[in-house]
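Undergrad: Provided herewith is a single structure, encoded as structure tokens, for subsequent inquiry.
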Amino acid sequence: MLDEILILEYTRFPIKKTALFKCDWFDPTLNIVTIVHQRYNIVEVNRRKRLSVYEPFILEMQAAQVYFCNYPSLKRDKVDWLVVCKVKARPLVDMPQVPEIRQEAFQDDVPEHLNIIDTEDILTRLNDVEGTLVDLDDDEESPEEETQIDSEEEEF
């Protein structure tokens with residue numbers, strides 16, 4: 001279990017830093033204090049049995065992130081046992097919760113300037129470059145009439 005994180009900084013150029021983890025270790029004696037179930041990929045440790053050798057430090061590259069769960073058993077014989085679960089480390093940092101401030105969306109009800117279009121002054125007659133007068137109807141013309149007009153204009 002992690003007790004402390006120590007950062008070592010070497011002041012000579014180039015400056016280098018490394019992290020050491022100070023841990024309190026469970027006894028890894030297999031099948032007595034630590035049980036590994038290969039079939040289910042589960043590791044169990046006895047929380048009361050600690051490593052008797054004093055080796056508290058590891059480098060950060062030697063560490064793996066795990067968490068401990070109480071052993072899921074209704075029997076009293078597994079009360080002191082923990083199940084070790086590996087966790088995939090993520091590069092995320094938990095941020096403190098900030099109360100959300102509700103702000104209404106800004107809406108400007110009065111436009112700064114209006115573009116007024118006067119539909120009365122729109123020309124319904126166009127003059128041809130040659131001076132002939134062409135009337136435009138507001139009704140849609142069929143494509144056949146347009147083709148005929150185009151062919152008549154080509155004759156001139």
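Glycine is treated like the rest: Cβ placed from N, Cα and C.
Okay, so TrEMBL annotates it like this:
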- 8-84: domain 'DUF4216' (DOMAIN)
- 135-156: region 'Disordered' (REGION)
Undergrad: Let me know the model's mean pLDDT on the domain 'DUF4216' (8-84).
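TA: Taking every residue of the domain 'DUF4216' (8-84) together, the mean pLDDT is 83.
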Undergrad: Could you give me the DSSP helix, strand and coil counts for the domain 'DUF4216' (8-84)?
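TA: So the domain 'DUF4216' (8-84) is made up of 6 helix, 35 strand, 36 coil.
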